[in-house]
Amino acid sequence: MLSSTLYAGWLLSLAAPALCVVQEKLSAVPSGWTLIEDASESDTITLSIALARQNLDQLESKLTTLATPGNPEYGKWLDQSDIESLFPTASDDAVLQWLKAAGITQVSRQGSLVNFATTVGTANKLFDTKFSYYRNGASQKLRTTQYSIPDHLTESIDLIAPTVFFGKEQNSALSSHAVKLPALPRRAATNSSCANLITPDCLVEMYNLGDYKPDASSGSRVGFGSFLNESANYADLAAYEQLFNIPPQNFSVELINRGVNDQNWATASLGEANLDVELIVAVSHPLPVVEFITGGSPPFVPNADEPTAADNQNEPYLQYYEYLLSKPNSHLPQVISNSYGDDEQTVPEYYARRVCNLIGLMGLRGITVLESSGDTGIGSACMSNDGTNKPQFTPTFPGTCPFITAVGGTQSYAPEVAWDGSSGGFSNYFSRPWYQSFAVDNYLNNHITKDTKKYYSQYTNFKGRGFPDVSAHSLTPYYEVVLTGKHYKSGGTSAASPVFAGIVGLLNDARLRAGKSTLGFLNPLLYSILAEGFTDITAGSSIGCNGINPQTGKPVPGGGIIPYAHWNATAGWDPVTGLGVPDFMKLKELVLSL
């Protein structure tokens, strides 16, 4: 056996000469997070190594080819095997040897992720770092502010997670503001009723669904993601269907990363997930619906009878999209709605780009990925977290990813106007994509004054990807939903996203029944031919950066104050409502003409 001195020297040799490349580094602990204590070397930690995918420099051009109408290859989506052939994952041989040399044996593969469990002491040496516990309110996470990898692995490894991604998980639902309603009979969509509460009949009228009847056997399916221990409730959906005379249908569930499908009203978190499934069914019934529940715990529990503080540290993004990409197209819905996001600046750029590329690969496979733009308007924190403490607008990720369709929010009824909480603006990570160049230029050149543009330019990146892309009703009046068997009102852009997902499901249904492909990556089509199928929203504006969180109505400690910060809804695309709200019948004619 090695002496303890020799063994310690061997461990240190893992870190010293080989670990010469800092892979990710934060200039400061993100705003709101406080160092509690260094983690004990004996604490367990589970980490994921994201292996690099090759040829991602060709992703955008391939998306352009397959998703641009008029191109001979339009709609000829790829399958799982095609993706692996065009964008292969780097070999894991060198990575596995590196882990084995460190004495790490609990290793598993999930798509392009290498998941492993070890002690904090080993991880500290392996990555030349120091893991510590940080707290933000009730949330405590095991994180570090930088880590390194061996020089010979830089071509194989994209990033290690969770390491420098602190985040501030938030869904976009206003479930905390949900208000109980008395039991009411079903009502037809009339001006008086829809001006008070939004029901399925109101959505039929507002978005011109007409008498369209989808076919459950067409192959069109709709999915939604649930995070933060959320799970939709079967009984509540049945009660919602009964309330609004919707023919009964259920939904299927797939569990990812130790997600839990909790159907107990007393213990489950239901507000966001119920809102998703009820509104999807309201719009797209009887099309099949699937819920993907992604847990926050690691892929496995590392040799422990009970979980430790490190067992609930993973963000869902990587595991969620890796799981979806691991399935063949025949096992996936063709449109997926998500209502979960972080301030873009809290997501390390390496991580954001990795996730965004995974979303782009989903688009190549004919799957439309939607994301609620957020409920914090032009921004809530409005202060840079890079140590400079500069006031700035706060875009929201993943809505800023150019390969996702971000759904903003409207309010009021007949006519709809921009909702002041609808998040939007311009990305600081992602440059403006090709498909929205004309639309954003039109906004910047014709619908914002030169003085305003000059003033805002110190707070935002006008060359960045503009979001949202589209919008749907969010709030005022609220949506009527069922929660724990009772009637509530709720809303937010996380209501807008499932509504839009239901409409995309109907459009896919129409195309599949006509022998055509699904819509897939939607944005190039939205900003060209389909723009005619939207009702432009030209009134209202978003707010923010005033020291108050638009979502909660509460003060933001240390938040930046930017006088006069707002975006106006204007003719054409704008950073509040995007291209506007959908007119299904117009959109159906347009997509069937392709």
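Even glycines carry a Cβ here, placed using N, Cα and C.
Feature annotations, courtesy of Swiss-Prot:
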| type | residues | note |
| --- | --- | --- |
| ACT_SITE | Glu272 | active site, charge relay system |
| ACT_SITE | Asp276 | active site, charge relay system |
| ACT_SITE | Ser494 | active site, charge relay system |
| BINDING | Asp536, Ile537, Gly572, Asp574 | Ca(2+) binding site |
| DOMAIN | 197-594 | domain 'Peptidase S53' |
| SIGNAL | 1-20 | signal peptide |
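Distribution of Swiss-Prot features across the structure.
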{"residue": "Glu272", "record": "active site, charge relay system", "DSSP class": "helix"}
{"residue": "Ser494", "record": "active site, charge relay system", "DSSP class": "helix"}
{"residue": "Asp536", "record": "Ca(2+) binding site", "DSSP class": "coil"}
{"residue": "Gly572", "record": "Ca(2+) binding site", "DSSP class": "coil"}
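Residues within less than 8 Å, Cβ to Cβ, of Gly572 (Ca(2+) binding site) and separated from it by at least 6 positions along the same chain comprise Ala439, Asn442, Tyr443, Asn446, His447, Asp536, Leu579. Within its own chain, Asp574 (Ca(2+) binding site) has Ala418, Gly424, Tyr443, His447, Ile537, Trp567, Asn568 as residues 6 or more apart in sequence whose C-beta sits under 8 angstroms from its own. The Cβ of Asp276 (active site, charge relay system) has 32 neighbouring Cβ atoms from other residues within 10 Å, across all protein chains displayed. Ranking the recorded positions Glu272, Asp536 by how many Cβ atoms sit within 10 Å of each one's Cβ puts Glu272 at the top. Taking the recorded positions Ser494, Ile537 in turn and counting surrounding C-beta atoms within 10 angstroms, the largest count is reached at Ser494. Each residue contributes its Cα atom, and for Glu272 (active site, charge relay system) and Ser494 (active site, charge relay system) these two points are 8 Å apart. Same-chain residues with CB within 8 A of the center of the Asp536, Ile537, Gly572, Asp574 CB atoms, the Ca(2+) site residues themselves not counted, are Thr538, Ala569, Thr570, Ala571, Trp573, Thr577, Gly578, Leu579, Gly580.
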